[in-house]
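Participant: Starting off with a structure, shown below.
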Amino acid sequence: MRASFFWLLPLLLILASVAQGQPTRPKPGIRRKPKPRPTPRFPQAPEPAEPTDLPPPLPPGPPSVFPDCPRECYCPPDFPSALYCDSRNLRRVPVIPPRIHYLYLQNNFITELPLESFQNATGLRWVNLDNNRIRKVDQRVLGKLPSLAFLYMEKNQLEEVPSALPRNLEQLRLSQNLISRIPPGVFSKLENLLLLDLQHNRLSDGVFKADTFQGLKNLMQLNLAHNILRKMPPKVPQAIHQLYLDSNKIETIPNGYFKDFPNLAFIRMNYNKLSDRGLPKNSFNISNLLVLHLSHNKISNVPAISNKLEHLYLNNNSIEKINGTQICPNNLVAFHDFSSDLENVPHLRYLRLDGNFLKPPIPLDLMMCFRLLQSVVI
């Protein structure tokens with residue numbers, strides 16, 4: 001009997017292992033419920049809309065202490081005449097309260113200025129519309145701002161200078177637009193304008209007529225740099241102090257062009273095509289000229305300068321030699337007498353000549369003439 005038990009024990013172990021490998025059958029009439037699928041923790045994002053380069057407007061800010069303050073702007077409590085609507089992704093000019101004198105609307109997406117843009121704010125003195133997308137300006141909208149003195153419309157898409165500008169305008173900044181037209185008489189009533197900035201546009205020689213600048217009796221700064229001019233603009237206002245003509249294609253300066261500018265102290269004509277042939281003698285020998293920029297041209301000889309010139313930039317030209325005796329405004333022999341009147345010594349303090357075909361040392365006659373020189377780059 002003990003022997004039969006030893007034979008029975010392996011058989012029971014085999015049957016137990018087979019039973020463990022088979023799945024258990026469910027009881028009749030009972031169905032197993034499928035395991036629930038895990039639900040997403042957050043709802044699925046909607047399908048993306050069509051791509052656009054215009055971000056949505058910013059949500060309204062907190063209520064202001066001023067009931068008339070636009071919700072999309074900021075009205076500083078300590079500066080009640082100012083309204084800050086800059087960098088708000090605005091598509092249009094909000095309703096401006098009448099108390100506002102200083103309006104900041106730069107860095108938005110405004111595309112036009114319709115007639116009703118500043119309907120209630122006729123006391124505006126300062127308007128900044130830089131870096132928008134303005135293409136169209138109603139011909140009457142700016143004329144309704146009689147107190148406007150500073151208008152900034154840089155980095156927009158204007159194709160012409162806006163019309164009917166306010167008479168009291170002092171600064172007009174229109175750089176980095178697409179301006180290729182200046183309407184006739186647009187500046188004729190701007191006697192108070194001191195600064196006109198038209199750099200980085202598409203202005204050509206045909207745009208400037210003999211009467212284009214007529215009326216700008218007190219203009220002090222004119223910036224026409226980075227345009228496509230080949231000639232000097234005609235009839236520039238005589239009161240001008242600073243003239244910027246960098247990065248054009250000007251080859252020639254008419255004889256005596258600068259003689260009618262008694263206050264002209266600053267000239268920039270870098271990156272043009274000026275050569276000795278296009279520079280008449282004494283072109284820049286102007287009594288009150290203090291700073292002269294002529295770098296990156298094709299000049300071979302140092303032009304004649306006046307006693308009062310303090311800074312001269314001639315780098316990156318075609319100059320091969322420099323003669324202090326020839327370019328000295330006064331008689332160099334007189335400077336050997338140290339008891340001579342030092343008031344007549346040339347005022348030149350900074351001279352830049354690098355990027356030419358010159359090599360050190362600096363000529364002695366150059367140093368004898370320009371005794372006040374503090375820096376020479378060669």
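Yeah, the Cβs are placed from backbone N, Cα and C, and that goes for glycine too.
Copied straight from Swiss-Prot:
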type	residues	note
SIGNAL	1-21	signal peptide
COMPBIAS	28-38	compositional bias 'Basic residues'
COMPBIAS	39-62	compositional bias 'Pro residues'
REPEAT	91-110	repeat 'LRR 1'
REPEAT	111-134	repeat 'LRR 2'
CARBOHYD	ASN120	N-linked glycosylation site
REPEAT	135-158	repeat 'LRR 3'
REPEAT	159-179	repeat 'LRR 4'
REPEAT	180-203	repeat 'LRR 5'
REPEAT	204-229	repeat 'LRR 6'
REPEAT	230-250	repeat 'LRR 7'
REPEAT	251-274	repeat 'LRR 8'
REPEAT	275-299	repeat 'LRR 9'
CARBOHYD	ASN285	N-linked glycosylation site
REPEAT	300-319	repeat 'LRR 10'
CARBOHYD	ASN316	N-linked glycosylation site
REPEAT	320-358	repeat 'LRR 11'
CARBOHYD	ASN323	N-linked glycosylation site
DISULFID	CYS328-CYS369	disulfide bond
REPEAT	359-378	repeat 'LRR 12'
Participant: Any same-chain residues 6+ apart from ASN120 (N-linked glycosylation site) with CB under 8 Å of its CB? Would you list them in sequence order, or say none?
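Facilitator: Listed in sequence order, they are VAL95, ILE96, PRO97, PRO98.
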Participant: Please report, as numbers and ranges, the same-chain residues at least 6 past the borders of the repeat 'LRR 5' (180-203) whose CB is under 8 Å from any CB of it.
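Facilitator: Same-chain residues near the repeat 'LRR 5' (180-203) but 6 or more away: 149, 154, 159-163, 165, 167-174, 209, 211-229, 244.
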Participant: For CYS369 (disulfide bond), what is the secondary structure by DSSP, using just helix, strand and coil?
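Facilitator: The residue in question, CYS369 (disulfide bond), is helix (DSSP, three-state).
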Participant: Using C-alpha positions only, work out which of the recorded positions ASN285, ASN316, CYS369 is nearest to ASN323 (N-linked glycosylation site).
Facilitator: CYS369
Participant: Give, as a single whole number between 0 and 100, the mean pLDDT over the repeat 'LRR 3' (135-158).
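Facilitator: That stretch averages a pLDDT of 97.
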Participant: Give the three-state DSSP assignment (helix, strand or coil) for ASN285 (N-linked glycosylation site).
Facilitator: coil
Participant: Would you please pick out, from the glycosylation sites ASN285, ASN316, ASN323, the one with the fewest other Cβ atoms within 10 Å of its Cβ?
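Facilitator: Taking ASN285, ASN316, ASN323 as the glycosylation sites, the minimal 10 Å Cβ count falls on ASN323.
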Participant: CA-CA, which of the recorded positions ASN316, CYS328, CYS369 lies nearest ASN285 (N-linked glycosylation site)?
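Facilitator: For ASN285 (N-linked glycosylation site), the spatially nearest of the recorded positions is CYS328.
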Participant: Check ASN323 (N-linked glycosylation site) against DSSP and tell me helix, strand or coil, would you?
Facilitator: coil
Participant: Rounded to the nearest Å, what's the C-alpha distance separating CYS369 (disulfide bond) and ASN316 (N-linked glycosylation site)? Just drop the number here, would you?
Facilitator: 23
Participant: Using DSSP, how many residues of the repeat 'LRR 7' (230-250) fall into helix, strand and coil, respectively?
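Facilitator: DSSP classes over the repeat 'LRR 7' (230-250) add up to 0 helix, 3 strand, 18 coil.
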